[in-house]
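Asks: The following feature annotations were taken from TrEMBL:
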- Arg90, His91, Gly92, Leu93, Ser94, Thr95, Trp96, Asn97, Arg141: substrate binding site (BINDING)
- His91: active site, tele-phosphohistidine intermediate (ACT_SITE)
- Glu165: active site, proton donor/acceptor (ACT_SITE)
Amino acid sequence: MAFGVVSMTIVPLSSSSSYSSCLSYVRKRPLLRSLSVGVHCSSISRDLSLTTERLGNGDAMTGGAFDFYKATTSLTERSISTSKKVTLVRHGLSTWNEESRVQGSSDLSLLTETGVLQAEKCRRALTNINFDRCFASPISRAKSTAEVLWQGREEELVFLDSLKEAHLFFLEGMKNVDAKKIYPKEYTTWREDPAKFCVNGVYPLRKIWVTAREAWREILLSPGENFVVVTHKSILRALICTALGLGPERFRSVEINNGGISVFKFNEKGEAMLQSLNMTAHMYSDHTYLY
């Protein structure tokens with residue numbers, strides 16, 4: 001017999017023992033009601049009455065969570081007025097991305113023509129979503145992306161210093177191949193064990209973990225329920241990891257492409273649920289997100 005069910009109770013029409021191989025029980029949840037349908041088991045010749053669970057509003061469950069009461073650690077350390085949704089967007093391709101340079105907090109890297117097109121793709125992909133506010137890094141490559149993405153919206157852009165990229169000192173502006181030759185120890189540490197990368201007693205990654213938490217508090221304590229945030233790769237990694245309760249040692253476990261979109265939902269305790277990570281369908285098609 002080859003069939004399976006999820007979140008459903010199979011009730012036999014008779015007490016015949018020939019049905020025992022098809023029986024399964026799942027405890028019914030509150031606020032759910034039943035729907036009976038027929039199911040044919042390949043190992044027997046009779047039909048069974050199948051009870052599946054539905055939400056109180058009549059919508060069938062698809063296996064996703066229908067409530068959200070508890071997650072990891074609160075990012076606000078106090079209750080917020082309402083649940084919120086935050087969409088994170090990485091800036092479009094920049095000149096230093098294209099030249100394979102270490103960018104960091106430098107403001108000398110600008111959006112390329114391709115980067116502008118990527119920002120426009122993000123705008124179209126999110127055009128049907130009613131955002132209350134857009135937060136962005138004031139560094140030009142993120143600022144320019146946000147200006148394209150937010151075009152036509154009424155609310156003004158909000159620029160936060162806490163969304164600036166990590167400061168990488170003498171590595172900034174260097175081509176990766178040159179940085180590896182000139183500063184082999186420091187560059188290798190940054191690439192392979194970034195949590196231990198240190199310059200004059202300063203740990204850039206540990207510092208950006210602090211600013212990521214500051215950014216989350218500023219965003220989540222702002223009026224509104226649906227926000228979009230435009231910023232840089234390293235701070236995005238820090239935002240994602242801090243929301244999930246992960247430390248700096250997990251920095252490179254998350255990849256975010258230029259124009260990549262990630263989505264978090266927050267409950268009223270300020271706890272995070274990751275809904276989407278680094279979505280890029282809109283980069284290759286006219287895909288529009290409707291969440």
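Placed from the backbone N, Cα and C atoms, the Cβ positions cover glycine too.
Just so you know, TrEMBL annotations never went through curation; they're auto-generated.
Give me the local environment of each listed feature.
Replies: Neighbours of His91 (active site, tele-phosphohistidine intermediate), defined as other CB atoms within 10 A of its CB across all chains, total 33.
Contacts of Glu165 (active site, proton donor/acceptor) defined by a Cβ separation under 8 A and a same-chain sequence distance of 6+ are given as Gln103, Gly104, Ser105, Ser137, Ile139, Thr231, His232, Lys233, Ser234, Ile235, in order along the sequence.
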Asks: Among Arg90, Arg141, the binding-site residues in question, whose Cβ has the most other Cβ atoms within 10 Å in this structure?
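Replies: Within the set of binding-site residues, the most crowded position is Arg141.
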Asks: If you count CB neighbours within 10 Å, which one among the binding-site residues Gly92, Ser94 has the smallest count?
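Replies: Counting other Cβ atoms within 10 Å of each of the binding-site residues Gly92, Ser94 gives the minimum at Ser94.
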Asks: Could you tell me the maximum Cα-Cα distance in Å between the residues recorded as binding substrate, namely Arg90, His91, Gly92, Leu93, Ser94, Thr95, Trp96, Asn97, Arg141, rounded to a whole number?
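Replies: The span, Cα to Cα at its widest, is 15 Å.
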Asks: Identify all same-chain residues not among Arg90, His91, Gly92, Leu93, Ser94, Thr95, Trp96, Asn97, Arg141 whose C-beta atom falls within 8 angstroms of the centroid of the substrate site's C-beta atoms; report them in sequence order.
Replies: Glu98, Gln103, Ser109, Leu110, Leu111, Thr112, Gly115, Thr145, Asn258
